[in-house]
Amino acid sequence: MTAILERRESERLWGRFCNWITSTENRLYIGWFGVLMIPTLLTATSVFIIAFIAAPPVDIDGIREPVSGSLLYGNNIISGAIIPTSAAIGLHFYPIWEAASVDEWLYNGGPYELIVLHFLLGVACYMGREWELSFRLGMRPWIAVAYSAPVAAATAVFLIYPIGQGSFSDGMPLGISGTFNFMIVFQAEHNILMHPFHMLGVAGVFGGSLFSAMHGSLVTSSLIRETTENESANAGYRFGQEEETYNIVAAHGYFGRLIFQYASFNNSRSLHFFLAAWPVVGIWFTALGISTMAFNLNGFNFNQSVVDSQGRVINTWADIINRANLGMEVMHERNAHNFPLDLAAIEAPSTNG
C-alpha cells in the first residue's frame, strides 16, 4: 500500500513538472528543448567569461610556442580571445578527464572545445525550442526555419570546418581580433571571395539589410493617422489592435512611382516572406560554402588566365588577389612553417649559373 501511494505521488510530481515545463503561461517558455538548452548555454557562457579573463596561454600550433588570449595575460577587449584547441589534440574529444592534469588541459586549449560544443548544442536546442513554442501556440514553424541560418553558419565555422581541416586548432578563435584573423587566413587558404556561395551570402546579408530598412521606412512613412496634427501618431494605436496601422496601398504606390510599378509588393504576406527568405537563403549558402571549403573545394582560381599574343601574362584583379593571398599565408603561423605550401612546392631556381 505504501509503495502504491509513493508511486502515485511521484507520478503526480512528474506530471506537475511536465505541465510546468511545457506551459505557455510561463513568463519565459522552457520546453523540453529548454531543459537541455539552459545548462549547455550557461556552461558555455560561464566558461567563456572565465577563460577570457584568466585562461593561460595555449599551444595552438602544437610546437611548444603558446599564444596568450586572456585579459590577465596581457590582452585587452579587442585582442583577447579564447584560443582554439591545440593542433596536438587534433579532432580528439578532449574533456578535462582526458588530460593528465587541469594545467595540461588548459595548455592544450581544452576550454575552446568545451565552449564550442556546448554552444552549438545550446543554439540547436534554442532553435528546437522556437519550434516547440510555435507548435504549442498553434503557429507555423517558420521562425525556427529562419533561425536555422545562423545555426548552420555557426556549425559550419566551429565544427564542419575543423573536421574538414583535421583539427580544432583551425576553428575560429572566440574574440574580436581572432574573428578577423580567421577571416584573413580563410581568404588566404581558400580564396573565399571568389566562391559563388560566399557571393550569395553577401547579397543575402546586405540585401536583407537594405530591404529591411526600405520596409521599415515605408511602413513608418505611411501610418494611418488616428490623431490630430497636434498629437503624436503613436497615440492613435493600441497593442494588438485588429485594424491595420499603415496603408500598404499607399506604400505600394509610392515605391512603384519611385522605381517602377512591379518593383513593389501589393501583398503583405508575399512581402514579409521575401524579407525573411532573402537573408536566410543567403546565409544558408554561406554555410554551405564554408562546409565545402572545409574540404578544400575552394573559390575560383583565375590566376594568370589572360595572356597576350606573346604568351606574357596580363595581370587581372584575380592575380592581385592571389598575391595578397600569398602574403597573408606567409604571415600566418610564421613559426610553424617558413613558406605556404603553394610557394614551397615551386622548384627553386638553380644557383650554379
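From the backbone N, Cα and C atoms, a Cβ is placed for every residue, glycine too.
Not measured: the values here are computed from a predicted model.
According to Swiss-Prot, the feature chlorophyll a ChlzD1 binding site maps to H118. Annotation source Swiss-Prot lists pheophytin a binding site at Y126, citing sequence analysis. Marked as [CaMn4O5] cluster binding site by Swiss-Prot: D170, E189, H332, E333, D342, A344. As annotated by Swiss-Prot, chlorophyll a PD1 binding site applies to H198, with the evidence given as sequence analysis. Under the heading Fe cation binding site, Swiss-Prot lists H215, H272. Under the heading quinone binding site, Swiss-Prot lists H215, S264, F265. For T2, the entry in Swiss-Prot reads N-acetylthreonine. Annotation comment: Swiss-Prot describes T2 as phosphothreonine, evidence class sequence analysis. Residues or ranges marked as site 'Tyrosine radical intermediate' in Swiss-Prot: Y161. The transmembrane segment annotation in Swiss-Prot covers 29-46, 118-133, 142-156, 197-218, 274-288.
Structure coloured by features recorded in Swiss-Prot.
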{"residue": "H118", "record": "chlorophyll a ChlzD1 binding site", "contacts (Cβ under 8 Å, 6+ apart)": "T40, L41, T43, A44, V47"}
{"residue": "Y126", "record": "pheophytin a binding site", "contacts (Cβ under 8 Å, 6+ apart)": "F33, M37, L41, Y147"}
{"residue": "Y161", "record": "site 'Tyrosine radical intermediate'", "contacts (Cβ under 8 Å, 6+ apart)": "D170, G171, M172, I290, S291, M293, A294"}
{"residue": "E189", "record": "[CaMn4O5] cluster binding site", "contacts (Cβ under 8 Å, 6+ apart)": "N298, N325, E329, H332"}
{"residue": "H198", "record": "chlorophyll a PD1 binding site", "contacts (Cβ under 8 Å, 6+ apart)": "I192, T286, G289, G299"}
{"residue": "H215", "record": "Fe cation binding site", "contacts (Cβ under 8 Å, 6+ apart)": "L271, L275"}
{"residue": "F265", "record": "quinone binding site", "contacts (Cβ under 8 Å, 6+ apart)": "H252, L271, F274"}
{"residue": "H272", "record": "Fe cation binding site", "contacts (Cβ under 8 Å, 6+ apart)": "none"}
Fewest-neighbour residue among binding-site residues, criterion Cβ within 10 Å, set D170, S264, H332: H332
Cβ-centroid neighbours of quinone site H215, S264, F265, 8 Å, sequence order: M214, L218, A251, H252, F255, L271, F274
Coarse DSSP state, helix versus strand versus coil, of E189 ([CaMn4O5] cluster binding site): helix
Interface check, the transmembrane segment (274-288) with the transmembrane segment (118-133), three or more C-beta pairs under 8 A: no
DSSP state at Y126 (pheophytin a binding site), helix/strand/coil: helix
Whole-number Å value of the largest CA-CA distance among H215, S264, F265, listed as quinone-binding: 10
